[in-house]
């Protein structure tokens, strides 16, 4: 399949006029300094008094109509009230204003035709400007006039001013851009919002033993197991090997729980009386609010819980309370782990659940979502193609959603958001979507918001205090191949509060201590990550307005572990790219041996002779050489943050059959049945191989990034370390260094720490090219 040229998918640096203020040093002198200023005319309608009656009964159903040229916004109406209070704000985009007069009309709601009560007129040239952090403009009383300009009975309290999107009134105001949207629910769906992910805990259920069980059939040995249910998660222990009425298990079951805890943990002890037939011997429900919380690896006391048994009496379930069996368990919420709900390659948060274990923040991330250009048509409305685009950005527990720009292929948002940063080796994800809920449509199985594309930015690849302004391509893979859906224009700044704290982070473990002291198995982590993403998507879809399931799953990369021939090939080529350097060194050495360049070969002979005669110079020479390479490569350090690379992802030349396989359902929908079974098995195994190959490639790319300045702070640390190591090794006898190194590697386990060493932590924090994978 022929693809457009690679530059079509390239990153472009831009020079937008940010903030509308002057640049002072690295920062701008404006409240919204990472976005372009957008001018709006604001009208705050507060209340009215002494309005005259219009109906035959002398009553009035008042509402206010704000009219500016072709744009018209209305407040809600009150029934039979002459002193109504509205407190609503209207915002009109200045670049779309085609009138010189603002008209604020008070009207009486009527069945046939609304009656005119009075109006207030404003000349747009006379309207004052307000620049935050100035205090909001105080509303004033204005006397109503009739259509001829004569004063009539009644007064209206208004505030009218020119401002920008930095105004406090902006998020909740009615926008002239949304004039075509109908319904209160639909208006809520287009406003910008901030969401917070639910606080997630790991719940550990250590099932120890049960006591005094009463099986239904006492003539046989019971085959007993424990089933635990939390929400839609269900786990069970193995069948106890001790076939008695006091069985033992001593088995751990792990769940994901979210605050606020809405559902109890339900435990049932069951006896397998026959194949596919189980009898419940006892059950108990435990509210999570009263469960102990553990912040480290110290043991928690176990407890006995009574098991209740239900019997059927005249068709109704009733508790049998003659005799209670018991179950011995250790239940606690794990606060020392980080609940993984994102792909580990793109984690935006690595803190433990318990706030007591959080370290102080190291800086601030600011994101300006400016605009998009060249968006593809996503749907048809009234016989023409259209797109109603909005952005979602996710970092840590905070999700933000911009307002929806109606019917535009080049929407301008110019919204700015801020996050606290606790670890520089994290990733912010920005996605662009098409809003399919402008006129209601929130029915089960109804419209889904379409994905337009996303961008990932790793914070450690950004220089501190620099404003990055780039236009990122929005790339989406379709069954027909990779497609560019447009470009999004972003401004990003990472500000560091303490350079020493940030440099210290590179020696710290990536995840909290408990992940290394009591590690979870790979199978457990996969299952728990799936449950965590389901909980987050369910909770955010219940917000108002909802952040829908398809949005959350796309942002969290759910399903990225599935087998794909394209991804496997991409990971293979990444490994070959890493090994390419070693192959080049081998070729160069072969040329030295074959005297292809006699002068170089003679110089290598002299260097080899010196190092053999003075072996103490070997290590200082290597470190000095690495230091010089690092300094030399500084000239070619990357100036732009990484972005989606179609060539690296093997998306620009993927075979149609490979794409058909990637977009195939799982299990496969391809006949016949036997082929389907074998095909699924192959995909499952190949998916694991793909992950392993990708992890190998990641380790090699981290080695490459030591001197590439992809992470400027990490390379600076390594280059400085190389210089110091070269000097120390130069003055220290080689034999001493060799002995210390050997004894350190062979030291007794009691002298080893359970946490990873500082060099290993530093290496794991180095960026790989996973950020550029599509």
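Each Cβ is built from the backbone N, Cα and C atoms, and glycine gets one as well.
Sequence annotations record features per position, and here TrEMBL assigns compositional bias 'Basic and acidic residues' to 1-16.
Confidence for the domain 'C2' (22-142), expressed as mean pLDDT, is 83. Annotated domain 'C2' per TrEMBL: 22-142 (among others), in sequence order.
Residues or ranges marked as domain 'C2' by TrEMBL: 181-305 (among others).
Annotation source TrEMBL lists domain 'C2' at 346-472 (among others). DSSP assignment over the domain 'C2' (346-472) gives 7 helix, 62 strand, 58 coil.
The region 'Disordered' feature in TrEMBL is assigned to 1-23.
The feature transmembrane segment is assigned by TrEMBL to 572-589 (among others).
The annotation transmembrane segment is assigned in TrEMBL to 601-634 (among others). Sequence-distant contacts of the transmembrane segment (601-634) (same chain, six or more residues past either end, CB-CB distance under 8 Å): 592-593, 595, 706-709, 715, 718-719, 722-723, 725-727, 729-730, 733-734, 737.
Marked as transmembrane segment by TrEMBL: 716-746 (among others).
Same-chain neighbours of the transmembrane segment (572-589): 648, 650, 693-694, 696-697, 700-701, 703-704, 769, counting only residues six or more beyond its ends whose CB sits under 8 Å from a CB of the stretch. Taking DSSP states H, G and I as helix and E and B as strand, the domain 'C2' (181-305) has 10 helix, 64 strand, 51 coil. Broken down by DSSP into helix, strand and coil, the domain 'C2' (22-142) contains 6 helix, 56 strand, 59 coil.
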